[in-house]
Amino acid sequence: GIGADNDLYINQAIVFIEDAIQYRSINHRMDSKSLWLYRWYYSRTCQWILSLTITVILALAFIEKPSSLTVTSDVRYRLPAWNPPCGLTESIELLCFLVFVVDVSVKSYLVGWEEFWKNKWLMAYILTLIVSLTDWIVSLSFFCTETVRIRRILRPFFLLQNSSMMKKTLKSINSTLPEMASVVLLLAVHLSLFTMFAMLLFARTKDGQQDKEWVAYFRNLPDSLTSLLVLLTTANNPDVMIPAYSKNRAYSIFFILFTVLGNLFLMNLLTAIIYNQFRGYLLKSVQSSLFRRRLGIRAAFEVLSSLKEAPANAQQSCVSVGALQQVLQKVEMDSRCKQAIVRSLKTCSCDQLSAAQFQKLFEELDKDAIKQHPPSPEYQSQFMQKMQFAFGHPYFGYLGNVVALANIVSICVVLVMDADKQPSERDDFFLGAINCFFILYYLLEMVLKILAMGLKRYLSYPSNRFDGLLTVILLILEIATFAVYGFPHPGWRPEFMGLLSLWDMVRLVNMLIVFRFLRIIPNMKFMALVVTTLLDLVKNLRAFAGILVVVFYAFAITGIMLFQGAVVPMGNISVINTTYNNGTQQCGTYEQLEYWPNNFDDFAENFDFMALFGHFEVEIIYCLIYLLSVNLICRWAKIYFVAWWLISSVIWVNLFVALLLENFIHKWDRRCHRESLSDIEYQRTVELMFRDVLEEPTEEELMEKLLQHPHLQLCR
């Protein structure tokens with residue numbers, strides 16, 4: 001009947017608007033049961049269960065054999081880890097797989113058979129589940145004794161397919177690869193040519209004493225390539241050139257040319273290409289997100305204009321204000337946006353909305369989130385008004401910054417004076433006294449600011465919340481110190497009593513005071529710009545961080561399968577190769593640097609190792625040298641580490657630089673066009689970052705796409 005049709009149109013409009021808010025595709029089933037299932041699937045509870053399942057299945061690697069449940073990863077001191085009995089983690093895994101089967105089944109049903117065959121992610125999801133379940137059955141057949149588990153490497157896919165932003169980022173990276181490949185190929189040519197030059201330049205001679213460069217770095221083609229590849233990261237510079245340089249200083253020309261061409265030109269050219277290409281593809285991706293939002297809103301308009309209560313004689317489609325209000329009551333959206341749309345509807349004098357008016361209402365979704373600070377209290381007393389003016393003035397904040405700086409300087413002076421003293425010789429009277437004075441000042445400052453601004457306005461500023469929290473913690477610590485050790489007096493020395501000694505308490509207070517000095521950041525405009533850029537970047541970095549976790553996870557699992565047990569404490573083959581005749585270890589070797597905790601024996605250590613190697617390869621590169629010295633895994637290790645270096649240090653770091661530059665340039669360009677940041681705070685997303693350069697889709701484009709909808713029959 002008419003009522004049932006109207007209810008269906010209302011529900012369709014609700015779902016379309018929610019799709020628009022979340023930038024989701026609208027190409028899904030539109031009948032009543034499917035709409036109920038669709039909203040249930042995207043409800044917070046279902047999505048929370050799915051996220052929890054993904055977290056659990058990824059976390060299983062920490063307790064599966066080889067378990068990470070040990071205090072230390074150092075192979076010299078590590079005790080045998082507890083390994084779960086066969087069937088325990090497998091049962092948890094099976095439950096996770098069942099949730100994923102339900103997930104993929106619901107998704108496949110909702111998009112429909114026609115869309116299913118176009119959706120590569122869904123097909124890959126099903127294939128991953130089939131391979132994982134097959135591997136799970138094989139594991140149980142072997143009573144969990146098999147060493148290679150393919151499903152562990154596939155687990156990050158579940159995280160990847162669940163995030164639309166991660167998929168877009170991955171698509172952008174994939175589109176950037178051809179341009180990156182040209183520079184990587186140029187790097188390979190550069191590396192190959194210099195490797196041949198090096199092998200000719202540092203060839204073996206009759207004089208053994210003159211062959212140190214050949215013996216250490218250029219004995220054969222693989223060693224030569226490896227030495228120069230590591231030099232490209234500057235990790236073995238200047239070690240790699242010292243033997244040749246000590247023989248003849250002219251040899252330095254070879255290494256200077258290699259480093260300048262490789263590091264200064266080619267690596268920076270790669271950064272420029274990645275920034276240029278990735279920005280273009282990310283912009284294209286965000287443009288498609290905007291199109292999805294406009295399409296969802298237009299689809300909601302079209303179904304609402306089909307309601308039977310719409311005037312029959314209208315020359316063009318329109319939607320009644322009452323119908324939209326009815327939809328807005330049921331739509332799950334940000335309360336700020338909903339209130340703004342409702343306010344706009346109340347101020348609207350017309351009863352019917354055209355397509356343009358309808359779309360304009362929902363432009364509220366695209367606007368910056370603006371946070372207005374509450375007003376200050378209004379005092380009647382003239383004295384209180386003067387107090388409010390004095391302690392609410394920016395100069396009072398500057399005075400607080402000067403006091404905080406004086407506190408830091410006094411702590412530095414005391415630390416320098418006490419640096420070489422034994423704990424028994426240290427007198428903490430002066431440090432305790434100045435801490436007491438400064439903490440009392442911080443408390444007074446907080447109370448006066450609350451008096452001047454009012455509690456709500458005071459707490460509305462993040463810098464004040466930061467200040468206030470640290471001040472309260474410092475006060476509690478100071479009271480606890482006085483309660484245990486008494487008030488500061490000459491000869492006030494550390495005594496070990498209870499959980500923390502006096503020195504520990506004083507150190508903790510001083511660390512918090514140093515941390516509190518960060519309060520100066522909002523008062524320095526350029527520094528505040530840099531910090532807000534970084535904070536915005538952290539908010540928008542979830543997709544990048546997710547992809548990085550996927551890569552870390554896959555490489556960590558692969559590392560366990562390839563190199564588990566390769567690092568053996570003293571007495572293995574590498575010790576023989578890295579010791580002098582007198583038994584002492586060569587400087588810079590794995591053993592001499594005591595890198596024993598960096599190994600591939602469990603997932604937690606391998607994951608940490610990946611993170612360190614990806615960003616601090618100067619410190620960790622000797623682990624690579626160590627692994628290459630183990631003949632049995634030499635080839636695998638080279639391929640593994642070169643692949644890791646290319647993905648993490650070359651590609652991912654440059655992508656991060658691209659996003660950082662884009663975010664900073666955007667903020668820098670807009671800094672003069674905004675109001676003062678004192679009373680208004682703006683929060684931006686990736687979509688809003690590109691808002692100024694995005695093109696609005698035309699009505700023809702929207703209607704053409706809507707008419708192609710596989711499950712929606714429009715009246716026109």
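These residue numbers are counts, starting from 1, taken along the chain as shown.
Just so it is clear, glycine is given a Cβ too, placed from its N, Cα and C backbone atoms.
Under the heading transmembrane segment, TrEMBL lists 45-63 (among others). Non-local neighbours of the transmembrane segment (45-63) in the same chain are 69, 84, 89, 92-93, 96, 99-100, 103, 152, 155-156, 158-159, 162, 553, 556-557, 603-604; each lies 6+ residues outside the stretch with a CB under 8 Å from one of its CB atoms.
Residues or ranges marked as domain 'Ion transport' in TrEMBL: 53-278 (among others).
Among the features that TrEMBL reports, transmembrane segment is placed at 122-143 (among others).
The transmembrane segment annotation in TrEMBL covers 180-202 (among others). Packing against the transmembrane segment (180-202) from elsewhere in the chain are residues 213-214, 217-218, 221, 224-225, 227-229, 232, 244, 251, 254, 257-258, 261-262, 266-267, 269-270, 273-274, 277, 646, 650-651: each is 6 or more residues past its ends and has a CB under 8 Å from a CB in it.
Away from its own ends, the transmembrane segment (253-275) comes close to residues 176, 179-180, 182-184, 186-187, 190-191, 194, 197-198, 201, 228, 231-232, 234, 237-238, 240-241, 244, 650-651, 654-655, 657-658, 661-662 of its chain (Cβ-Cβ under 8 Å, at least six residues beyond either end). According to TrEMBL, the transmembrane segment annotation covers 253-275 (among others).
The transmembrane segment feature in TrEMBL is assigned to 395-417 (among others).
What TrEMBL records for 397-664 (among others) is domain 'Ion transport'. When pLDDT is averaged over the domain 'Ion transport' (397-664), the result is 71.
Look at TrEMBL and you will find 429-448 (among others) tagged as transmembrane segment.
For 469-488 (among others), the entry in TrEMBL reads transmembrane segment.
Positions annotated as transmembrane segment by TrEMBL: 508-531 (among others).
Here TrEMBL flags 543-563 (among others) as transmembrane segment.
Feature annotation from TrEMBL assigns transmembrane segment to 609-628 (among others).
Summarising the annotation, TrEMBL assigns transmembrane segment to 640-661 (among others).
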